[in-house]
């Protein structure tokens, strides 16, 4: 009777309802630190979505949105464009003056100014930059790592040996130095071409090229275990093609561990970009990105100008902390040994 209790309880429920009452979700919901991290993460997502309303457009952003006053951003047509397809000029931090010395917080700049730039505007729109780059970098590295690791583990032999030796070479090189080299070469090529490009593009590509190997190594180990299971042998005996077996049977049962690592890696993206800013390889001055604001604060490390560093650092710390808390909770919830 106990063996049929759980199936009877789940019968007639939708997949979402079954997922919601699963042991992993119950444990996740009962983890206060994980829920705290999720709430902070959702607040950053809402901040990024509604950035045009929290930090209203000005200057070239208003011009490209074809509006005359900042409050016109609330018009339905303009609001949709500002949320889903904002002009590139909107990512330029509002500049209130050309005074290098930081300005104290006031009504126009609640968090003060540095080099004349409105810190509040840069932080709000910087949330969009952080989430956009975080999901892009982690998404690309995750997909590439899963595919390469699955092929390596499934075929084995010389294919596995070749891929793993290449991954060993990547691991042998310092990741930051590799990222700097790739970023420098890519920017030189793009600038040499004379075409205008999204400033986030070369950074996303550089981090993606150097970040997929860790996922591939983990997936390979999972696939080596999964490919020996009976249902995979049965599908192979029925004439299933290798790629179909990999994508339909092997990968879906091997990716749980890397998804939790991917959530944790989202926390490191702003830190990595901030490191590039300190090396002079980040975004240009005035772009709405948290690391660039921290870099600008280096020249004003005095208590009188505490706000110049405190607010950007707090945003980076909270962003990283939120994904770490949620990622740790998700890992514990999905680990059957802790249930």
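Keep in mind that glycine also has a Cβ here, set from the backbone N, Cα and C atoms.
A TrEMBL annotation is a machine prediction, not a hand-curated record.
Range with TrEMBL annotation transmembrane segment, chosen from 33-55, 56-78, is 33-55. Between the stretches 98-120, 305-327, TrEMBL puts its transmembrane segment entry on 305-327. Between the transmembrane segment (133-154) and the stretches 33-55, 166-188, 200-219, 305-327, the greatest number of Cβ pairs separated by less than 8 Å involves 200-219. Counting Cβ pairs under 8 Å that are 6 or more residues apart, the transmembrane segment (305-327) and the transmembrane segment (166-188) reach fewer than 3 and are not in contact.
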